[in-house]
Protein chains: 2
Amino acid sequence: MAEDLSTLIEDVIDAGKPEQEVLLGKLLNQKEFDALALLLESLPQEQRLSTWQQIPPESRIDILVEMRSDPRESLLDAMSLDELDALFKDLDAEDLVELTESLPPRLVDRALLAMDERQRKYYEVAQQYADNLAGHWIDHHLYVLPQNAKVRDALRLMRRELPEYVDAVYLVNRAGHFSQAVRLGAVIGAPDHVHLTDLVEPDFSQVRAEENALDAALKVQRSGYSALPLVDESGALLGRLDIGVASEIVNEYYEGQIMAGAGMDEDEDLFSPVVTSAKNRAVWLGINLMTAFAAAWFIGLFEATLQEVVALAVLMPVVASMGGIAGSQTLTLIIRGLALGQVSSGNRKALLVKELRVGGLNGAIWSLVVGIVVTFWFSSPLIGFIIALAILMNIVAAAFSGVVIPIILDKLRLDPALSGSVVLTTVTDIVGFVAFLGIGTLILL
Amino acid sequence: MAEDLSTLIEDVIDAGKPEQEVLLGKLLNQKEFDALALLLESLPQEQRLSTWQQIPPESRIDILVEMRSDPRESLLDAMSLDELDALFKDLDAEDLVELTESLPPRLVDRALLAMDERQRKYYEVAQQYADNLAGHWIDHHLYVLPQNAKVRDALRLMRRELPEYVDAVYLVNRAGHFSQAVRLGAVIGAPDHVHLTDLVEPDFSQVRAEENALDAALKVQRSGYSALPLVDESGALLGRLDIGVASEIVNEYYEGQIMAGAGMDEDEDLFSPVVTSAKNRAVWLGINLMTAFAAAWFIGLFEATLQEVVALAVLMPVVASMGGIAGSQTLTLIIRGLALGQVSSGNRKALLVKELRVGGLNGAIWSLVVGIVVTFWFSSPLIGFIIALAILMNIVAAAFSGVVIPIILDKLRLDPALSGSVVLTTVTDIVGFVAFLGIGTLILL
């Protein structure tokens, strides 16, 4: 796939018009909407728009919903009202939920007006829940029957249409509350007159609409079923969360974590306009600049020492950097643990103790190595001793911060994947510089 | 789920024996093997082992296959031969494929001896493919019929058993090559005597065993089907890749990317023994130390300048840090693009131009800000000018490196997520220090 796509991008960019059309036609015929979405995202703005013009109106919505929101917005912005109206024809609720964040409110209203009554109602249900809650991602293609239904009723449903990712019939009581589920496999093998309640799966899981979307999505992926019923607070069956949507939620979460490490979000467009992109990234540079200035201020406290012993100036980045790396290892481990729910008040202390020990051991080893190298490099056992001590202190401080910082950020409901590394680096920079230059001042002056 | 798990960990760690048993019993009854796996991973070694002793033998294999390999190894290592033999009873091929990396070869052989003929053959098929290829993750629960089969044949199959994630019947020709697929929905609605070939899905995708596992898994997730047929080079149907396994492959890939950023792998145990953990992380610290020493060596070239103008020593980390942050933003974007196949020879140049422009713009803005701050801080417009110029140069160099480094690493078949940031930081550190101190030397001395 990845390699196919690379070839494809080259072909579209290099090929003349006629070949390009053949290629696009082939992808459209095979309904490779996801590949088309990735392709459009990979094209510079101008080629993206000209390629988009070649996509027939009836395929456009299927491609748009697969795209990341920034590049999608670049296409929606360039579309005329007529083109948009064509897009909004036969729009279903799930598509509009996906598009909403890329459309100005007046266009969302326009789309809603074009929608049929039932889909509009579905849309409103989804919008009651924020996009980090399971309810936002609800799907309405499901088999539902009353609890007293029999095998023949289920078969009648199945003979009509089998939607994607449906592998069970959900039974509801008179109040519309989800009660149990029967696998299609059990239905197909059974005689017509058998009650479905005799065939139910034991302990079939469900997902609450108010539940965190990521937790719910992981639950679906791990359930072994293609979808789980989605219920409201009272237990009423609202719809379902299927494994296709669940996989999108999980993949977006991971992509978000990776992008957050560099202060960006998962919707960042490979070819966003220069000004937009610079603006998106400037904030992160600004925050980082403040922490760098803070570190510089601390270094400034030791100007006199630096002037005396210029070797300290040469070596100080080594101390900061070793602390930063060691800290980021602990930080990464704890962030993953927090995301999986594995770090709790029960094991926090044990974790801290373990990380401090690992830090102590690695600190001892590497401060010894650095101490020896520096002793020979600068022909000064004293400077070797100073840097060894500073590195040991900084690696241990890094282990402590790597555990404590993400836990505190998580308690403050800040995303540790986004802000953890900035805070950590600030700590390891300052501890590193102050320890190194401070000990140097005490010993050498 | 995440919150439930946190509570659970607290309960297991804090609660006395009897309550703990009740809790475990509940999870076991509900077959929450994944939650149990996460729970065991979250416990310090001692408690992990004592909790493991309370898990009845028949549930153990289901939990082990859900665990990450490092913590799993800690449990397998502690098990007696008798316990292992109990584990190996009724082991199927897919379970053993999962366990193989955590078991010494002689125990794998022991497990194979206990296995029935068919499962052993399945295991051997899977082992022909490395674990980064789709064939390694093959599943054998599928519906297969010859091309001339009718609806009644398919229904007969379905009446027996419907395995997890089966939503289609695969048709093979006489040579055993996959030809087409029929959705279960189409079968259920149709009369008995209809030929399945009249009901086939157009353009049903397939996955090649030699294909990259991640690409194949993403293809399954995006297909809208619960599984895709897995074929060998010649087109012979070997088995299938289902969406449950596909989701595990994708999630492990993303976790690996996140952990690689800190030089660790996705199997790192939250509570690995201190020495193991320190050893795993030491390599990364060592590599980083070499790059830090390289940077220090470059700083050392300017000792004379630093002695003259100590302000340069105070400010030099600011220059390096701004370059590092700007570079990591570009790097993260390009690494994602490479993983998705979106960066190719067709759009590389356009990407480089765009990133250089973004770098130029952000470099101009932030060098101005830093220049002004430094001018007032050190009452020296000259130093302000020097740092502004150095930051502009470093941010542009960072944009260039952020595009070029991951592309080169990828060509060399090195994982850019693992080594990209080290190489990039080395470049931005050295460019930053040399530019700043070099310009400083030229202008001030």
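Using N, Cα and C of the backbone, Cβ positions are placed for all residues, glycine too.
Listed in TrEMBL for this protein:
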DOMAIN    B:31-134  domain 'Magnesium transporter MgtE intracellular'
TRANSMEM  B:282-302  transmembrane segment
TRANSMEM  B:314-335  transmembrane segment
TRANSMEM  B:356-378  transmembrane segment
TRANSMEM  B:384-409  transmembrane segment
TRANSMEM  B:421-444  transmembrane segment
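Per-stretch counts of Cβ pairs under 8 Å to the transmembrane segment (B:421-444) identify B:384-409 as the leading one among B:282-302, B:314-335, B:356-378, B:384-409.
Residues of the same chain lying 6 or more positions beyond the ends of the transmembrane segment (B:282-302) and with a Cβ under 8 Å from any Cβ of it are 262-264, 312, 316, 320, 422, 425-426, 429-430, 433-434, 437-438, 440-441. When the domain 'Magnesium transporter MgtE intracellular' (B:31-134) is classified with DSSP, helix, strand and coil residues number 75 helix, 1 strand, 28 coil. Long-range contacts of the transmembrane segment (B:314-335) within the same chain: residues 257, 295, 299, 343, 351, 355, 358-359, 362-363, 366, 370, 374, 383, 387, 390-391, 394-395, 397-399, 401-403, 405-407, 416-417, 420-421, 424-425, 427-429, 431-433, 435-437, each at least 6 residues beyond the stretch ends and with a Cβ under 8 Å from a Cβ of the stretch. When averaged over the domain 'Magnesium transporter MgtE intracellular' (B:31-134), pLDDT in the model lands at 92.
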